[in-house]
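Okay, so here's the structure we're looking at.
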Amino acid sequence: MTVEAGERAARAERVRAVASGLRDQRGALLPILHAVQAEFGHIDQADLPVLADVLNLSVAEVHGVVTFYSDFRNTSPGRVHLRICRAEACQAVGAEALAEHASAGLGVGFGETTADGAVTLDQVFCLGNCALGPTVQVGERLHGRVNPARLDAILAEAAR
Ligand code: FES
């Protein structure tokens, strides 16, 4: 077995174990997907048949759920994960300009990662910090009242 095939087999086994551990929950697919993504950074195409098998669903059903929710990624995120809130309250105070600044500065669109793997840009619709918008999340940390200059500083800090 090649190293790559061995890694694939090990991942499939681990995904099966995670899914088996949670499958008795109500609406088990979502918590399972979150758990797999938390462990591996993304949901791989190869995970779908394993999850379908454990949950007795079709691969198409699992695929439908994964692609419906923008929270699930099909590639690993960059070293810095930037999420910009584009919901109404943040939009009203400049989130769109901030989003355009981020996208132009990084040279990527939402859901994409810079070519060097440094930053993944994502959008999110409300981070629960509406009174202090525009809000962004970098990794686990929320930042409020972010303008373009401040965003650049936050990213520079996160990259260190
Ligand atoms: S609308 Fe942006 S944090 Fe709620």
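Backbone N, Cα and C atoms are what each Cβ position is placed from, and that goes for glycine too.
According to DSSP, CYS90 ([2Fe-2S] cluster binding site) is assigned to a helical segment. Under 8 Å, Cβ to Cβ, and six or more positions away along its own chain, CYS90 ([2Fe-2S] cluster binding site) finds CYS126, CYS130, GLY133, PRO134, THR135. What TrEMBL records for CYS85, CYS90, CYS126, CYS130 is [2Fe-2S] cluster binding site.
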Below 8 Å Cβ to Cβ and six or more residues apart, same chain only. Which residues does that give for CYS85 ([2Fe-2S] cluster binding site)? ALA95, GLN123, VAL124, PHE125, CYS126, LEU127, ASN129, GLY133, PRO134, THR135, VAL136, GLN137
Would you mind checking how many other C-beta atoms are within 10 angstroms of the C-beta on CYS126 ([2Fe-2S] cluster binding site)? 14
Name them in sequence order: residues not among CYS85, CYS90, CYS126, CYS130 whose Cβ is within 8 Å of the mean position of the Cβ atoms defining the [2Fe-2S] cluster site. ARG86, ALA87, GLU88, ALA89, ALA95, VAL124, PHE125, LEU127, GLY128, ASN129, GLY133, PRO134, THR135
